[in-house]
Structures are given as structure tokens and as C-alpha cells.
Amino acid sequence: MKSLTIQGAKILATGSAVPHVVLNNDQISQIVQTSDEWIFNRTGIKERRLLTGSNQSVADLAVIASMKALDKISMDPSEIDLIILATSSPNDLFGTASQIQSSIGAFNAVAFDLTAACSGFVLGLVTASQFLKNGSYSNILVIGADVLSKWIDWSDRSTCILFGDAAGAAILQSCSKDDNSILNFQLNTDGQYANHLSIPYKERVNSHPVLKLHQGSFNYISMNGKEVYKFAVSQVPLSILQCLNSLNMSVNDIDWLLLHQANERILKAVAEKLSIHSNKIISNLSKYGNTSAASIPLALDEALKENKISDNDIIVIAGFGAGLTWGTVIVRWKSF
Ligand code: UT7
């Protein structure tokens, strides 16, 4: 989709946070019947981080990631106009973003949650860039954070090996059209396949006999891994190509491919389909597994820390996951 750009949007700073507790593949092999060899060969994952300890939630990780991003540019939190928290594991179904607003002291900011699973950060970036480009807001904090360890059935080896907990944050600012770095986006949803990956709500029958109400609670993550794999490998390259085409760009213009960190084989298959050399793939999932909405900002933050990304590099960012949702954002990196 073409965005109507009145002014530009740029990414000023990033930050990230992971819990201290590491669970490696050998340790997980003591919980379910699996092995380091199987997990690494099928996914590229070696270890993941878990948020343990009582009363720890996605908000704690999100606050640390946000403060790191703010500190990098010495921005006073009161300058933030909007906070978008992309998460599927809030500690309050009414929303967690407002807790973050208060914890970091961003008292002038409107704050809301955005639920789009592993595509959440991409949708958050696109949403933020619309508010910036149309002049509504000047500074926006976009956070991708998830603690899916709280929603995993730790006896299900087909899912428990994949996920880890983390948060990543980015501060976006409005700018002149010439400095615009969010070049284009392309987003999709196909609800027909929502049941391939979900945390379903399950009702108890007649839980209130007088009112005849059907109340319930959420189940664990349920996933059809094979179908999600096929969907990602077939649809993500198409989304990237469509986004490049509408900018009159080609795959040769790509400096970095930053995909949602779900499975190393998915990253490689998408790159291969697009004939992108594997040394352009940004990957850190061996250390963290699939951290859902956090995976893209966490990998971006690490790549920046490692000085991989240079001024004017083209980064193709693509997210995909439950919904099913998927989409691409093309960024021309500008250092500030
Ligand atoms: O953010 C998006 C989230 N989801 C994804 O990205 C998931 C995408 N899908 C995947 O990454 C892969 O489908 C998985 C890694 C989840 C699974 O890999 P696969 O190559 O599709 O394996 P499979 O499900 O076809 O299972 C192959 C075999 C089965 O045994 P049989 O039926 O061949 O005897 C499974 O029971 O591997 C078995 N298996 C395991 N064995 C050891 C499944 N999980 C495990 C395990 N350890 N953890």
C-alpha cells in the first residue's frame, strides 16, 4: 500500500532486554523428549531466555528496553507522545502499555497495546509512522515484547523448544521528507488460518448456573508447525517483492534482511527464494529462540550494537505469525 507522506519518519534509537535465566537445548531435553541435535538442526536454536521469578511480567522487560533506547539519545520520557506496546502476553488484558507509560515517566504519552503476535512490531512501526507522517505526533516509542514462556505447555515438545522471552524498543520521530527512513510497507491478514497458531479461549459450560453465563480461560499455545512454516516461506517473499516493486527497488538494493526470528530454516529459505546472499541475513535466534513481537527489535538492536548497519543501508524487515498476519517494512537506515 502506498502511504501518503506529508512528512517523514525516522528511527532515532533502539534498546532491548532479555531475562538472565538461560535454558539451553540440553536442559530442555531433561523436560521433554528431544535433543540438542534435533532442535538445532530443525530450528537453529541453541538456547532461550526465560522470565522466572514471581511478579515478573512483560512490563518489566519492556521498561528496561525502553529506558535503554531513551538513554541512548538522552531523551526525557516526557517528550514521548505515544507508546505502542506490541505484545500477545500482557499482564493485564485491558492493556499493559499504560503501566509502561507510568513506570518510565512518559506522562504526556497516550499508550495502548497492539495484539498481532509475531507481526506485532512490524504493525507497531507502520502504525507509528502513520501518526508521524501525518503530523499528529512528534515522538513515538514502539515496543515489541513477549513472555510466551507463561503460555507454553511445557510438556509439548513441538512448541516448548521454540519460544523465549524478550523485549525490544525503538523511538521514532517525525522529520522532513528528505530524512524519511520508513520508505514503504505492505501488510496482510488471512483469518481463515487463525487456528494454525493461537492461544485459544476455552469456555467452561454453564459456569454460572443462574445467569447461564459461559466463562472460561485461555489455553496454552497451539500450533500447526508445518503449516506455519509453509505459509511463512511462501508468503513472506511475495510481501517483500511487492513492497520493493512499489518503490521501484529490487532485491539487489537490499543490504540487510531482518525477518522475524522464528526458525533459521525459514530465514534461509526466504533469502534463497529472493536470491539474497546468506551474509545479508540478520540472525540471533540461536541465542534467544522465537521471542515473538520482540524478535525484530531485539535483532535490530544487536545488529546496531555490533556496528553491522551503516548509514543509508536498506533494511528489509518482515514479520509473520499468528492471525495469520504478515508484512514488510522497508527502512533506509539513518544514523543520528
Ligand atoms: O512465530 C511463528 C511461530 N511458529 C513458527 O515459526 C513455526 C514454524 N514451524 C517450524 O519451525 C517447524 O515446523 C518446527 C520446528 C516446529 C517443527 O519442525 P518440522 O520439521 O516441521 O517437524 P515436524 O513437526 O514435521 O516433526 C517431525 C518429527 C515428528 O516425528 P514423526 O512423526 O516423524 O515420528 C515429530 O513428532 O519430529 C518429531 N518432533 C520432535 N522430535 C524431537 C517434533 N518436535 C520434536 C522435538 N524433538 N522437539
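Using N, Cα and C of the backbone, Cβ positions are placed for all residues, glycine too.
Per TrEMBL, the stretch carrying the note region 'ACP-binding' among 186-190, 206-210, 261-265 is 261-265. A gap of 8 Å separates the Cα atoms of His260 (active site) and Asn290 (active site). Mean pLDDT across the region 'ACP-binding' (261-265) comes to 97 in this model. Helix, strand and coil residue tallies for the domain 'Beta-ketoacyl-[acyl-carrier-protein] synthase III N-terminal' (112-191), in that order: 29 helix, 32 strand, 19 coil [DSSP]. Under the DSSP three-state reduction, His260 (active site) is assigned to coil, being neither helix nor strand.
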